[in-house]
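Trainee: What follows is a structure written as structure tokens; I'll ask about it next.
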């Protein structure tokens, strides 16, 4: 079991490393400057975290937070920023040109394979890999950027699944977290692909930066496990009042509401409303997802009110129960002594005449 945990921890971090290096390679291909390979140095933080986790935690995760996913975000997000900001090559050429290029690449690929039949098998594999890489480098840049976005979100979900769980989360809670991540990733991908496609957005560098900042901000929810962790509240919390009981009893729900309102749906709604009102970018999908974000925010706030009312009702019922219990005890303490006194007095009243006029056998048979 320990070996499997160790293997999962190491394999997941290697996948993060490879995907990050692919992103750095795309940046160097687009910018045509080898100095962008320095972005690969960000992976040194992931190397350090891997070594420390394998040595001190035996590959197991941490409670409430995943450093591996956070460092993976640090290593891949700058590459995606540079690819999105390099919008000069974001638009593909015409279909005819692309088709002719694909045909010529297929012919070159077949010729390469034919010429390599006379060489060794190792050389054949090397040449095939070179041709494959060359074909990848000629793919439309817009397709490459979208593909990196898609694989990035998939890596976050799969990596969170494969990483060993920490001590504060169960497998049932992990499955809930992964289901939440699937819906979140779909919304984030739609947000970036829908907004950055618009020509009006591309013509405004400030708006592009704002969208990328909101996108980066929304990614910070993936390293967190707080939205599914239930905290056991001690009995003393009830005596502290409403705030303590509210934040303790519904901590997971409050984190979920906060993430939705302040990290994802709330900021997404603001950006979409700005696009529709100020930049006059209106289409069917933009209106639909803006309405969806609005409904989610309203429903989350409604849920917050429902939870607050539930806690207040619980505290009120507990206080009424305590008052009723104290009242019963007070009535019992007041009525108890009088009843005992009455019983004692009745016993004494019956005993006095018996002591004052004792009955003897002679008196019982006396005749006047």
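Keep in mind that glycine also has a Cβ here, set from the backbone N, Cα and C atoms.
Copied straight from Swiss-Prot:
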- 4-24: transmembrane segment (TRANSMEM)
- 36-56: transmembrane segment (TRANSMEM)
- 65-85: transmembrane segment (TRANSMEM)
- 110: N-linked glycosylation site (CARBOHYD)
- 150-170: transmembrane segment (TRANSMEM)
- 177-197: transmembrane segment (TRANSMEM)
- 208-228: transmembrane segment (TRANSMEM)
- 257-277: transmembrane segment (TRANSMEM)
- 281-301: transmembrane segment (TRANSMEM)
- 324-368: region 'Disordered' (REGION)
- 330-341: compositional bias 'Polar residues' (COMPBIAS)
Trainee: Which one, 4-24, 36-56, 65-85, 281-301, has the most C-beta pairs under 8 Å toward the transmembrane segment (177-197)?
Mentor: 281-301
Trainee: Is it true that the transmembrane segment (208-228) and the transmembrane segment (65-85) have 3 or more CB pairs under 8 Å, sequence gap of 6 or more?
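Mentor: Output yes: the transmembrane segment (208-228) sits against the transmembrane segment (65-85).
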Trainee: By Cβ distance under 8 Å, which residues at least 6 away from the ends of the transmembrane segment (281-301) in the same chain are close to it?
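Mentor: Long-range Cβ neighbours of the transmembrane segment (281-301): 187, 190-191, 194, 198, 200-201, 256-257, 260-261, 265-266, 268-269, 272-273, 275.
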